[in-house]
Amino acid sequence: MAGGGSIANDGEAAAGGNGGGGEVTFTVVMSCLTAGAGGLLLGYDIGVTGGLTQMESFLQAFFPEVLRKMSSAKQDAYCIFDSQVLNAFVSSFYLSTMVASLVAGHLTKTLGRRNSLLIAGVLFFAGTLLNLAAVNISMLIIGRILLGVAVGFSSLAAPVYLAEISPARWRGAFTSSIGLFANFGFLMADMINYRATTMARWGWRLSLGAGIVPALIVIVGAASIPDTPNSLALRGRLDEARDSLRRIRGAGVAAADVDAELKDIVRAAEEDRRYESGALRRLLRREYRPHLVMAVLITVFYEMTGGVVVGIFTPLLFYTVGFTSQKAILGSIITDVVSISSVAVAAVVVDRRGRRTLFMVGGAVLILCQVAMAWIFGAELGTDGGRAMPRGYAVAVVALVCMYAAGLCVSWVPLSSVVTSEIFPLEVRSAALGLGGAISSALTFMQSQSFLEMLCSFKYGAFAYYAGWLVMMTAFVAAFLPETKGVPIESMGAVWAQHWYWKRFVKLAPAKQADGPE
């Protein structure tokens, strides 16, 4: 790979050199927490959607046919929630996220990372107000489209902000904070849903309207933090970049040190402009084959863990095995607590034990859980969904979902963003991340649109389907993903060049021989 081992990406003057040798100031901590809080937007929407889709007041107002199926004693348990209109309500959010991700990269670069987070908060606030006032399906879907655009912006701006401002020593932990905040969003939504389920007529408005809280957190937080020096330098605002760098470094850092670091950041910004065009064409070259494969497969595999659909439909899954609506949401709250604890554990150990170890441990747990759920559903609920599941087995399903959440949250949830934020060199970074984002949004949309129908058609085979994917992705990680723990971004090319398989594609070259744009 020409130049891959010597050129830092546009954020790495901050992510590698920034931090004053690993020192973390109060401004850095608050800025990273605010950027990580962008995960609240996605987490809250996923959590609130899962509860709403089996909440009586919501179904009575918008989906009465689903409510009738819930009340039918002869209804196939697998097919209770199979409704195209309900699927459209859920998946419209992810379709708009996919479209937003196609333009978010350009806007994040031209408007700045912080401003993009601010826009995301404002759009989420507007979408929440529209859903709160909804009187028909059209208003709900338009509101969800606004929410999806907001998450499309925050999902790109937050990790880039974190990569550019985090000290290299703590890059994995700070980047993992997005997943931690997303799980706090799940928990917040489920706790509100738990109370709203008991409200006969307007409980659903409480659930949707409470989305104002994460929106305000992001708006207020983004308005109070500095933009990254990298972003400001990239837009030619050097004086503001210097001021931002002083805030990040603290009052004790000498002006000469700030100026020296700013020169590195400006150099990185110039490299970014140099490689601004032709990135997708470069990604298709032979020397970037590992990066193309990872951009596609890490994203595909993360989506096919089943984590997204389980996150959305956990209350529906618990309702299917025989719990009441409120107890189903209580089960989801328990799962949220397990998820938060697991993401926190991952943040602590990811920079100590390494990426591959967490991937392998998590993969083994996920495979075990999916196989066990396929067996329980097939044996106890039957192939036609006509039998009631014994309570002991229903409790076992809750325990398995909690184990599944733990395995997912120590592996693919944090590591999919950690790995993709650090393995791509500057010259293909924008293309690789853009490609991965588009694939992720497309797959999430397709799964959210089709999962309930797949559960109705495949029955317990839906869990075996995801188990097959998990076996495949765990084997891929074991064979083809190199360990990147503790490797400086600018030295990442050497990791590929030493890998048993990828070394046939990647050849290190001196920085002066780095490929320019086409």
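Cβ coordinates are placed from backbone N, Cα and C, and glycine is handled just like the others.
As recorded in TrEMBL, the features of this protein are as follows:
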DOMAIN    31-485  domain 'Major facilitator superfamily (MFS) profile'
TRANSMEM  85-105  transmembrane segment
TRANSMEM  117-135  transmembrane segment
TRANSMEM  141-162  transmembrane segment
TRANSMEM  174-194  transmembrane segment
TRANSMEM  206-225  transmembrane segment
TRANSMEM  292-317  transmembrane segment
TRANSMEM  329-350  transmembrane segment
TRANSMEM  357-378  transmembrane segment
TRANSMEM  393-419  transmembrane segment
TRANSMEM  431-451  transmembrane segment
TRANSMEM  463-482  transmembrane segment
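When pLDDT values are averaged over the domain 'Major facilitator superfamily (MFS) profile' (31-485), the model yields 85. Only pairs six or more apart in sequence are counted, and the transmembrane segment (431-451) with the transmembrane segment (85-105) gives three or more Cβ pairs under 8 Å, enough to call it a contact. Below 8 angstroms of C-beta separation, residues 32-33, 35-48, 50-52, 55, 158-159, 162-163, 166, 206-207, 210, 213-214, 311, 315, 326, 329-330, 332-333, 336-337, 339-340, 343-344, 346-347, 350, 409, 413-414, 417-418, 421 of the same chain, each at least six residues beyond the ends of the transmembrane segment (174-194), sit close to that stretch.
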